Amino acid sequence: MKAAEIKRDLTNIQKSMSEINDLAKERITGGPGSISTTSASAITAPSTMSQTTTSRLAPKLTSAHPSIDDLRGLSRQDKITQLQKKIRASFENLVDHDDSNVIVTLPDDDDCPHNHFGSGLNLTHPTAAQLSASGLSGSSKTIDTIKFQEKSMKTESKTKVVTDGFSSEQATSNSAEMKRLQAGDIDYQESKGASAMRNRLEVDGVKTEENAAVIKEALSLRTGDITQQASNNVAASSITVQSENFSADKKAISQSQQSQTMTSNGIISQEKHVSSASQANYSMSHKGVSSTGSSMITSSSQMSAMNGQMLKLADLKLDDLKSLTAGSGQQEIEQTINKYSNMLTSIVSSLQEDERGGSAITVHDVGGKKSQYLEKINEVIRRAWAVPTHGHELGYSLCNSLRQSGGLDLLMKNCVKPDLQFSSAQLLEQCLTTENRKHVVDNGLDKVVNVACVCTKNSNMEHSRVGTGILEHLFKHSEGTCSDVIRLGGLDAVLFECRTSDLETLRHCASALANLSLYGGAENQEEMILRKVPMWLFPLAFHNDDNIKYYACLAIAVLVANKEIEAEVLKSGCLDLVEPFVTSHDPSAFARSNLAHAHGQSKHWLKRLVPVLSSNREEARNLAAFHFCMEAGIKREQGNTDIFREINAIEALKNVASCPNAIASKFAAQALRLIGETVPHKLSQQVPLWSVEDVQEWVKQIGFNDYIDKFNESQVDGDLLLKLNQDNLRADIGIGNGILLKRFERELQNLKRMADYSSKDTAKMHQFLSEIGTDYCTYTYAMLNAGIDKCALPHVNEDMLMTECGIHNSIHRLRILNAVKNLENSLPSSSEENMAKTLDVFVSYRRSNGSQLASLLKVHLQLRGFSVFIDVERLEAGKFDNGLLNSIRQAKNFVLVLTPDALHRCINDEDCKDWVHREIVAALNSNCNIIPIIDQQFDWPEVERLPEDMRSVAHFNGVNWIHDYQDACIDKLERFLRGEKNIDRIAAMVPGTPGSVSYQRMHSNDSDYQSGGAGAGSGAGTGGGGGGGVTGSVVDGLMVAANGSGQANHQANRYRQSPSPARQRGSTSQLSGYSRAPSKRSQILTPYRTQQAALLHKTGAGSASMQNMMPLAYLPPRRSSAAGLGHGSGSGMGSGYRSHSVDGLLDQAGSTPEQRIAAAAAKVTAGSTALTNASSTSTLQPEEEVTDAALNDSVTRRDKHTLSPPGNVQQHRKSRSLDHILSKQTLAELLPPSSELADGTQSMQNLAIPMTPQPQRRDTSSSSKSPTPERPPQPAMERVRERQSPEGVSATESEREDQPEECLRHGNQQRASASVHRGASLTSNKTSNSSLGSNFSAGGNNKTIFNRTMKKVRSLIKKP
C-alpha cells in the first residue's frame, strides 16, 4: 500500500517537472502599461534516515536534461504557482503522518522507469555534461534541498507630440528576468535583459525614423569546483530619412559571445566571438532620372585561449571536425580552423614550457605522457585532412599553425629522444606540407631522415608506414634535397621496404619513387638507375592495389622521358603495364578511391609533370594525360582551375588532345573540358584515312605552317602523306632547307610509328614489325602497299625489301629477314627439344594471388644477373599464346610460384585448360629445371587428384618462401639455379607416376652462352637410360664448352665487381648472335652456373680467361640432329664415367715435376687410345672387379683415381679434360694413325684433319701458332672447397691412397671414353667436381699451365 502511494507521488512529481519543462519553451509575452512582478519560492524536502536505508534524492548530471535555453520561458506566474503547489503537495505526501519513523525507499529500476527525482529536468549546461563525464564536475553530495527562484520586470513608456507641420513620437521598452535553480552544490543561474527604443520625426514632408534594441543574456553553472559562464550581447540599430525626391537608410547589428570555464585554480579555457555587419542604401531622383546605391560591411573575429593543457585529452571531442561535409559553409570552416589552431598553439606552448621546466600544469601532474598529446594533435590533423573538399584548406591551415607556434621545431628535437621519437615521427608524417618541408630542410633534415630510416628498420608495420611516409614527402622538395636524402640513406630505405607486403607501406614507397623521379632531376635519376630502381618498380606496378600500381607506373613514365636512361628503363618491363592501367580506369573514380590523391597535387608537383606530356614515348604521354584529367576534376571541385594556366599546362594539353594518340588525346580533351578550355581539332589514329584538312592540321601542329598551302594545293591526304619521300618533299612541297627536311622526316617517322593501320593491315604486319623494334613500324604501310601478307612473307628476299618496300637500310633488311626465319622456326617441330636455352628463368604464377611474389622473384633474380621472363599480359579465354610456350622451351629453369590454391584449378583438369597446368606440362616436356617456390599458406592437393601429366611436380625439391627472410630464400634459389643441390636427396626421389618419365632437375655446368649446346649429347631420353651423341663434334663441343665456361667466369666476376648496368653487358654482343629468336626481355646479363672464386682479369697474357686459352679459332656451336642424339642410347654405362681435367694430370702428390710430366704424357697417350677405341665400338663396360668401397668413395678435386661409380647412377657433370684445350694439331702428333674405324664415327685422328679456318674471336689473345709466352710466377694453390647444395654439403672430399699404375691406366681409359657419351643422359643427377676445380687450381694462370704442359709433353714425345 505504502509502496503504491510512493510510486504514485513520484509520478506526480515527474508530471509536474515535465510541465515546467514544457513551459520553459514558451517565449515571454508582455502586456500594456507598466508591469513589475517579483516572485520567489523555495521547496524543501525533508529527508528521513535510518541505520539501514537512506532516501537520497540525488540527481545525476549525466542524465538527459534540456539545455540552459530551455529555462527561459518561465513567465506566467499562475502556472508557476500552480506547479509549485503540486510539487509541494507531492513532497508532503511522501511522509506518512501516522508513523513518522517509517523507512522510505525508492523503487527498483525494474519497477519504476524514474530513477531519481528531477529526471525530467536538466540541471546542467551541455558543456557541463561533458565536464561531468570527464570527472571534473559532479558532487556526490546528497540533495536534500531544491531551491528555485524567478524574478522578472517590465517597463514601457510612450510620448507623442503633434503640432502644425510637426510631429514627434518616442517609445521605450525595458524587460529583465532572472531564474535560479539550486540543488545541493549545483547552482544554475540565468539572466536576460532587453531594451528597445523608437523615435519618429516629421517636419515639412521630411520623415526620419530611428530604432535601436539591445539584448543581453548571461548563463552560469556551478558544479563542485567547476564554474562555467556564458554571455551573449546583441545590439541593432537603424535610421531612415525620406523626402519626396530622396531616401536613405542605414542598418547595423553587432553580436558578442563569450564563454569561459573556471576552477578554483583559475581559468581553464575562454572563448570569445565578435561579429558585426552594416548596410547603407540611398536613392535619389531628379527630373525623372533616379539613381540608387548600396554598401555592406561585415567583420568577424574569434579568440580562444587556454591556460594550460587540457587535463583529459581523451575527452577532447572532435565532433565538429567529424560533422563537416563538402557542403559546409566557409564561416563554419573558418571557425573550426581558428578553434583547433588555438588548441594546437596552447598545447605546443605547454609542451615547450614543460621542457623548460616552467609549466604550471605538467604532464606528470596529470599522470599522462607527452606522446599522448602529440598523438592527439596527430589525430586532429589527420581528421582535418579527411574532410571532403575542405580538407586541403583545413589541413594546410593547421600545419601552418603548428609551424608558426614552434611545434615543428619541437618535433625535430624529439627525433633524437627514444621515448618521443615515434610519436613525433607520426605527427611529422602528417604535417609535411610545402612550407613545413622547407622549414625541415633548412633546420633539421638529417634528424628527420634519420628517424625515418630508423622507423623503416623496425619490424612493426606502423613504424614502416610512418618512415616511408616521411621520405615520400621529403622527396617533394627540390633536386638538392633529393640528393641529400639519397646520401643519408633514404632511397635505400624505400627500396628495401618495396619487399614488404603491407599495402600502406607499399603505397608510400610507390609515391616516394614517383616524387623522386619528378623532383630529382637527371643526376638523381642516374642514381636511381645505379640502384636498380626500375627493377624494383616492377613488383609495385604489378601489384593488385590500384594506388600502388598507379604511382609506380607514373615513376617509370617520368624516368623513361629522360633519353639518357631510357634504354635501362625499358629493360624493367614496367612500361608495358602503363597502357592496361589507363585503359581500365576512370580518372574521376580513381581520384576518389584513395585519400592520398583525393585533394590533388600541389602546383609545383604538377609543373614538373608537364614536360612528360611532350615525351616521345606513347606510354608516358598516356599516363601524364590521365593524371591531368584526374587533377582537372579535383581542382574544379576546389574552384582552383587557374592553376593549370599558371603552370602553362593548357597548351601542352591542347597539343596532346589534337595528336593521333587515341588514349592520350581522349584524356587531354576531357581535362580541357573540365578546365573550361576549348578542345582543338581531333586527329584520328587511322592516318591512312585522314582527309586533306586533317593533314593540314597535323602539319600545323608540328610547326610547318609555311607549307600548309603547299599541302592544300597538292591535296595531300593521309594515304599520300604516308607515301611521301624525300624527293616529293623537296620538289613538290618545296622544303629546300636540308635541316627542315630532316625535321619533317623525323616527325613523319614518328607519325608512322604511332599510326593505326588496322583498316588495311589484316595480316598483322604492324605487330610483326613492332616485335622487331619500334623503328621498323615505319615500314608497315610500304610493305602493305607492296602486297606482302602471311603467305608472301616467307618468300620475301632482300631485293624485294629494297626495291618494292623502299627499305634502304641494309641492317634493317637483314633483321627483318632473320625475324621471318625465326617466325617459321617458332612453330613446334621435331627438333623443338633442341631449341637453344637462351632464357635463364621462366616464372609461372597464379594471377589471382601470386603476382606480387612472382614479380618480387623477378627483381631479385635480375639483380643477381639472371635473365627472367614473367608474363604480364592477361591471355584471353580459350587462348594460349605460342610465344609463351616458346619462352618455356627456351628457359633453363622453370620457377613455379605456389601461393594458396595455386593448383586448385589443375585438379581434375584432364583437358589441360588451365594456364598454370599448361605451363607445368610444357616445362616438364622441355626438361626445364623445375623449382617450386612454396608460400607458407600453400597446401599441396592430393597427388592422385592432379592430372597424370603433371603429378611429378609434387616431388621436386622447392624453396619454402618466408617473406621476412627473403635474402636467405633467394640465396637458396640461386644455388638451385646454378646447379648446386643435394645429390642424395634428388637421386632418391620417387616419380609421381609409375612407368612415366622421371622429371628430375637437370643441373649441368654448361655455359649459359652456348646456343646449341656444347656437347652433342643433349638429346631426349626416357627413364634412366643413357645415350650417346654425335661423335663427330665431340672435340668441337668440348672447345665450345671450355670457351663458354671461361666467358662465364669472366663475366660473373665482372658482374660482382661493377654496379654499372652498362659495364655488366660488356661482352654479351659476341655470343648473342648465335641465339635463336632472342626475346626483347633477354637483354639482361645472363647468369653463369659455374661460379669461380679466383678473379679472372680482363687483360694480360698471364691472367687470361678460359676463352683466351683456346689455341684454335672460336667455333660456333653445332646443333645435333635427333638421329644423332638417339645413337647409342642403349649403352648407358659409358656415360657414367668422368675424364681427368688438366689439373688432375698436373697435380700428382708426392712426385717431382719431371715425374708428373712423364705421367701426364702417359695418360695423354692412354686416354687418346681409349677415346679412339670408344669412338669405334660405341660402348665400354666398366670393370667387374670394382669393390663396394670404391663405389661409395667420393672423388677429390686434386687426386683423381680410378674409382668407378655405381652402375645405376647417371653422371651428368661436364668435366674439362685435356681434350677441352688440346689443339687438333697436338692430338695428331700424340696419336698414331689408325685405319680401323666404324662407320659413322670419328676418332681423334679424324678430328685432327685441318679444317676450314673459322673467324677468330676478338677477345682471343693467342692462337695455336703464336709463340709460347714466358712463364710468370705460379700463384699459391687455393684450398679446395667442398661443393655444397642448398641443404648443406652434398659430397665429402677424402684422401685416397695411390693405386697401381695399371689400374690407373684402365680407369683413365674408362673416363676418357665416357666423355663421348656423357651428354646424352636426360635423367642424370650427379655432378663432377673436376670442372669446378679446374679454374680454382688454375688460379688465374691457366694459360701458363697449359703452355708449360704442352711444351713438356712435346719434349718427352720427341725423346728416343
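Cβ atoms here come from the backbone N, Cα and C positions, even for glycine.
Under the heading active site, Swiss-Prot lists E919. Per Swiss-Prot, NAD(+) binding site is recorded for R846, R847, E876. What Swiss-Prot records for 34-48, 1321-1335 is compositional bias 'Low complexity'. Sequence annotations record features per position, and here Swiss-Prot assigns compositional bias 'Polar residues' to 997-1010, 1046-1073. Per Swiss-Prot, the feature compositional bias 'Gly residues' maps to 1012-1026, 1125-1135. The domain 'SAM 1' annotation in Swiss-Prot covers 690-754 and is backed by sequence analysis. The region 'Disordered' annotation in Swiss-Prot covers 27-52, 997-1026, 1046-1085, 1121-1148, 1192-1217, 1249-1343.
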TODO: Fill in the CA-CA distance, R846 (NAD(+) binding site) to the residue listed as 'active site', as an integer in Å.
DONE: 11
TODO: Compute the C-alpha separation of E919 (active site) from R847 (NAD(+) binding site), stating it in Å without decimals.
DONE: 13
- [ ] Could you tell me which of these binding-site residues, R846, R847, has the fewest other Cβ atoms within 10 Å of its Cβ?
- [x] R847
Open item on the list: Just to be sure I understand, if DSSP states are collapsed into helix, strand and coil, how many residues of the domain 'SAM 1' (690-754) fall in each?
Closed with: 50 helix, 0 strand, 15 coil
TODO: Take every residue in the domain 'SAM 1' (690-754), average their pLDDT values, and give the whole-number result.
DONE: 87
